[in-house]
Every structure is written in C-alpha cells, then in structure tokens.
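What follows is one structure encoded as structure tokens, with my remarks underneath.
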There are 2 protein chains.
Amino acid sequence: MGLLIKNIDLLSMNGRDKIIYNTNIYIVDNKIIHIGEERQDIEVSRVIDGKNKLAMPGLINGHTHIGMSLLRNYADDLPLHDWLTKAIWPVEANLNGEDVYWGSLLSMVEMIQSGTTAFCDMYFFMDEVGKALMESGMRGILTRGLIEDQDNPKRKLEETRELFNNWHGKGNDRIKVMVAPHAPYTCSSDFLTKTIDLAKDLGTGIHIHLSETKKEIEDSFKNHGKSPIKHVYDLGLFDVHVIAAHCVHVDDEDIDIIAKNKVYPVNNPGSNLKLASGFAPIDKMLKKGIPVALGTDGSSSNNNLNMFEEINLAALVNKAVNFDAVSVPAYTAIEMATINGAKALDWDDTIGSIEVGKKADMILVDMDKPHLYPKHNLISAVSYGMQGSDVDTVIIDGKIVMENREIKTLDVEKIKFMAEKRAKDLIKR
Amino acid sequence: MGLLIKNIDLLSMNGRDKIIYNTNIYIVDNKIIHIGEERQDIEVSRVIDGKNKLAMPGLINGHTHIGMSLLRNYADDLPLHDWLTKAIWPVEANLNGEDVYWGSLLSMVEMIQSGTTAFCDMYFFMDEVGKALMESGMRGILTRGLIEDQDNPKRKLEETRELFNNWHGKGNDRIKVMVAPHAPYTCSSDFLTKTIDLAKDLGTGIHIHLSETKKEIEDSFKNHGKSPIKHVYDLGLFDVHVIAAHCVHVDDEDIDIIAKNKVYPVNNPGSNLKLASGFAPIDKMLKKGIPVALGTDGSSSNNNLNMFEEINLAALVNKAVNFDAVSVPAYTAIEMATINGAKALDWDDTIGSIEVGKKADMILVDMDKPHLYPKHNLISAVSYGMQGSDVDTVIIDGKIVMENREIKTLDVEKIKFMAEKRAKDLIKR
C-alpha cells in the first residue's frame, strides 16, 4: 500500500541538497522508501500530482502550550505581570479537562492548516492532549508542566510517571512523554533534582523554560549567585536530553554550556517580541554550532501557532538585531523549523528532513500563489514570503491528514463551535 | 444603484468606536451613505451577507516600489551594499516599461488578495503603473523616483510634470501624482530645491526616503553638518505635504521637526529588519502625536506586499525594542495601516476609515477561520492573528474588486505567467 508523490520539487532539508527539481517520492506504510526516478517495482495505491507544488518536511513547533488557544485574543496589550497574574492565571485556575481537549483540537486544526506536523506541548490535563493527538494524527510530545506544589510535590511527579506509562510510544510511536519542571524560578533545587531523577528513571528527556526574561536572570543571580542555565547545569539537569524553551537572556558562559551539553534551545520569536522579553542571541548560538529550534509558545502570547510566521520572524528580526543583512539566512531559518526542531525533540533519527528511511512527515505547499512569483529562488520564497495558507497537503506518519486544505481527521466545524463555547464559558466561571 | 452589506461587524477606525456589531453599510456610487439600521428608502441592487465577516477599511501601503516584484526572491541574504550594487541596480538598469507593467500588475494582485486598497509607489516607467492602476481598480499615488542625473536634471523634473498632467485625478480621482526626489543622499540641495518648487507649482506633495540607514545619517553630518531631516527641513521641503519613507534613525530634534510639520513618516518594519537597517522609534513618534503610517517597501526587500504582516510586525517588534508589552497596542497598529496611511497620502478626507461621506474603500475579512477563534477580542485578532488570506472581499471606490477571493478586475493566471516570463528574461539581459 504505497503512496507516490509524482513530479514534485523537493526541499529535503537533508543538509546537502538545496532544491531537487521534478522528482518522485515513494512512501510505504509510514516510511519514505525512495526518492528519485519513477519505479515500477514499488506498488502504489495512490498517486499525488506534484505539479506547482513543493514538498518539504513538516514543520516542528518546538515549544507551545496548545490548550491555551482558548485564551487567544483574551487579554492582550497588558504589562507582562498583569497579563499573567490578573488575566491568565486566574482563568487557568478554572480550566478543566474538557476545555483542554477542545482547545488542543482547535490548536491542532490551526497547526495542520499551517503545515506543522509535530510539536512539543507543556500544559495540564495532558491525557486530553493525548486523546486529541490520537484523533488528529499529529506527532507530539506530551509534558505536564510542573510548578512546585509544597503540599504534595510527590503526587505531581507521580502524575508524570502515569502520563508516561499511559502514552509514551502510543499512536505508532507518534507520541512521546517527557518530564516538565516549569522553570527554575517555579521549582526549588530539590524539586528539580527529583525531576531529573524521574527523567533518568523513565529514560526520557526534560522540557523546561529557561532564561526567558531579564527579571528571571536578575533573580537567579540574587538567589543562586549564577544564571538560570548555570544553576540547572550544576544540578545535573543536562545529564538528560533537555528541550530549553526561550534562552533569550544568555551570556557567553551560558552559550558555552549549551554548546557542550544535550540542551536544545527553542527560540520563540513571536512570543518574545509580544511579551517584550527581548531578543535572543540566535546568530551567536547558531555560529557556536547549537541547532536552535523554533516554537510559537502559546497562542495567547503570539497570537497564533503558524510556524511560517516564526520562520519569517527568525529570518528578519535577527538581521536588524545584529545590524547584519546576512544574519540567519533563509535556509537556516527553515532548518530551525525542521531538522533543528527534530533534534530538539530528540526525534531527528526519524523526522525533520525528507530522506529515505525516515518517517513520512511532510507538507506539500502550493507554489502557484501570486505572492510566491517570480520563482527565482524557492528557498527565499519559503522563508520570506510563504504563508501558512499556502500549505495544500499534510502527510504525517505516512497518512494524508490534510489534502486541498481539507483536514481528513478532524471535524473542523464542530471544533470551532466547541472551542468558542468552552472559551466563553471558561472566562465566566 | 446601491450596495448593501448586511448584518456585519464593523471596525470603522473612526477613532471613537471599537467594534460595532451586526450593523448595515450602504454604499451608493463610490460613497458610504449610511451605517446602522436597515433602510427601505435606499435603493440597493446588490446585497452582501456579512455573517461571520468583519468590515474594516482597506489597508493603505504608504511606501512601496511595486515594479520590483519581478526581483522578489532574486538576491536575498546579501550584505546591503552588495545587494544594491551587484544585484538590484545592474538588473534595474535593464528594466523596460513592459517589465514594470507586468510587475506592477503582479503586485496589485498580491495587494488586493491581502486587503490593500491604496498605496504610494515610487519607481520608473510610471505611466505603466498608471495603466495598471486603471485596470486593477486600485487607488494609488504615482511618483517617479528622481535620482539626480547631472547630465539632464531638468528633463527628469519635466517627466514628473508630464506624469502629473497625464494622470493626476484620473480614474474618478483614484490616482494622484506627487514629486519624488529619491533621497537627500542621491539629490543635491539645489536639485531638492527644484523638486520643492515643482511640487508647489503643481500643488501636490513630495514622496522621499529619509533617514533609513545609520550610514546615511553619518554621511549627512559629514556633508551637511546636520541630520537628513534637519537638512531637508532647512531647504524648505516641509513647506509641502511630505511622505517620508523609513525615518529609522531619527533623534529627538528630528522627531520635533516631524511633529511640527506636514511630514508623514511611513514605517516599513519588514524591510527595515530584512535589510538590517534597524528599529525606528515608533512608540516615541506616536506618543508625540505623529500619525506614523505603515508600508511594505519593495517586495525584493520584504519579500511580500502583505500589510497584515506589517501590522503584526509593528505590534510585535516595538514591544521588544522598548521592553514594554504595552507598546504599539493592537488598535494603534491597525490605525497605522488605515487612517494614518490615509493621512500620509493626504487622502484622509476620503479614505482610511469607514464613515458616512467617505469613499467606499473597505475589505470584508472572514472571521470564521480556526486561527481567529475564540472571538474574545476582534481587534486583537486582526492585529496579532489575521492572515492576508483571510480577506474575502475587497471594495474600492464603491466597486467590488475581489469577492470570495476571486479578483474581478484582473486576469490573475495571465499576470503570473507574464511576470514570470519578464522576470526570467530580465535577469538574463
């Protein structure tokens, strides 16, 4: 039962080739088994015409809080502290599992429609996100955000163990579970150590917020005499694979630590701009060989989950920050959203590029849109001009999840209706 | 012969109301004649159902070079000097009128599809842009960029006079012509004075690049002992209405001059980021009461003409630059792209907001897209989440130019084909 994508231009992101023109991609089950000339010996049950399309790896959202879509456009243009303490946290305290289920589905619709195939989520009621993942056909990492609760920290850790036992490896290995201490400023050293022990015990990684705001750095130096990154490094956090969201305010020593350890920074340019967190030294980190990934953060601080916008922001903003028009060129920005994302999610053995042997997570984008003409350079077009709405077809784990912009796995009308209903109900509770 | 848009939510940008829910808009000929309850005494020949849509003013692109779309994605990721001298200028030297015609039409397709109804263009072969404007139904200002030519400066000024005589007021007043000395660093004081005299003589305004790069400022202090803005102010440039593109590197004295004169800065965040020009002090200018407008610049330094992206960039980038999450809030960013754009183009008596008596330049955006749910705040949704592809219907001067995303006035397939052909031919010349 094979799928053939015929006569298509390919941006494989394999690190060697730029664009391969007019090629053929064969997918059997969930794997890419051949790229190149047509083959009669591979049985195919379905052929997709690649004319005027470009195949590229599905985008990888390295850091998000997808249940938060219910709070999109709810409380913008507030100072960060008021936004969190007066708007977001009081409402989040009333969230229940059903809210998170519908919010997560709304986010998955948006992600699929804009070409994202995999993501790393940190939120609550993660069983609901697992259910939504099974239904949508997406690939994702579930992490239950752990803010230390002095009353029963042990219970919170046990919840993550249960989440791992219930979901890790489910959906034909589309789902993984990691441990997620929220941040060094919301978890004590003792609690962080326990999360490291748990991750080691489960043989999995850690997802954490690190060095997002100036205040966090100042407080860390006050409380621990060192930066957040040095602090968690000294605690042994980097003994396991770590997805480090933000890393905005990092100094040279922090960057050295990141470069020498299994820490994978996820840059969230949209959120860092909107929340006025600042500009991360992306160019410097990339030049040190750190495969910086990209994420959207939650859609209440963005306000969307469109990775093409993050690619565009990463390619644009760093040029002005560094007064250097060559900083973060087009190809690099796409790497951040594809292969670097796969590295961050510890999934680069199977996704992040279109190569024989890898799983078939890819998108076909419509290159026939006026804003992508003329076709001097397709890599420029993807990085500087492409819109999420240019995504035509989404394939995840070998299955067609969207075709001609129609999502096959989810009831979009019902999801919009239910998300709206839950959102309005939530803020009245 | 009236047009009724029925039961629609309205973001009028009239400076008083935020969103008016479920209202009716009546257009007769090219004017808005009533907003509010249904009226039996107004004869309508066409009714548009406003369900799930939001009406807002057509977006105004305050500074662009639309013929440059032929060079989109042509030479990215080069240092600014190499980009201009080795890539863009040598190719532009071979441009002809037919290139500019098809490039301009390609740009108009893109602008209409992303909700722009009016623009201010600076380029060459402006008669061709005029022809394209007549066909597309858009509203625009034609300005022929004048780089001083020592051999025959007088001839260049005469060309602008001819352009004015041929096109100013054409298309039911959809077209205006202004005088466009390219920049103080490409025009001598003497030549600038001649352009001021010409503008006064014609009774029109001036469109000029001002204070775009650090180098320009340094050179101006070296050559004139003052900033570019002080320099042209002293020459009397601000005796006429001036559209001042960029204004990135402006000091407090420059801002004072701008605030006290008829100078209208147009911020081009996408281009300023991509060319590493820097960050304009938008928040400061706005707080001084300067109605800063927005533009895309040419699509070879952006790489598109999508004003929703510029709104989003303006709302995001200034927050991080000022370390202030309240800087350039959602409504302000939309003002920049609508009513402030109209002020910059000296057209605020007729466009820039949806009000009785103004001309009917408006767009209907589809609010039923998943990425715009839930609907807590439509102004946030427009500023932080809306995509150009969410524009459903475009009305310019009372005429439906696009409906259900289908452009009524132009042959999109032919334009894509011809623009591609001219672009490939151009770079081989």
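Every residue gets a Cβ built from N, Cα and C, even glycine.
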One of B:ASP297, B:ASP324, B:ASP346, B:ASP348 listed by TrEMBL as binding Zn(2+) at the site of B:HIS63, B:HIS65, B:HIS209: B:ASP297
DSSP state at B:HIS182 (substrate binding site), helix/strand/coil: coil
Position of peak Cβ density within 10 Å, selected from the binding-site residues B:HIS63, B:HIS65, B:ARG144: B:HIS63
Cα separation, B:ARG144 (substrate binding site) to B:HIS209 (Zn(2+) binding site) (Å, whole number): 13
Winner by Cβ contact number (other Cβ atoms within 10 Å) across the binding-site residues B:GLU92, B:GLU212, B:ASP297: B:ASP297
Listed in sequence order, residues with CB under 8 A of B:HIS182 (substrate binding site) and six or more positions away: B:MET122, B:GLY145, B:LEU146, B:ILE147, B:ILE208, B:HIS209
Packing count at B:HIS209 (Zn(2+) binding site) (other Cβ atoms within 10 Å of its Cβ): 25
Integer Å distance between the CA atoms belonging to B:ARG144 (substrate binding site) and B:ASP297 (Zn(2+) binding site): 15
Mean of pLDDT values spanning the domain 'Amidohydrolase-related' (B:55-401): 96
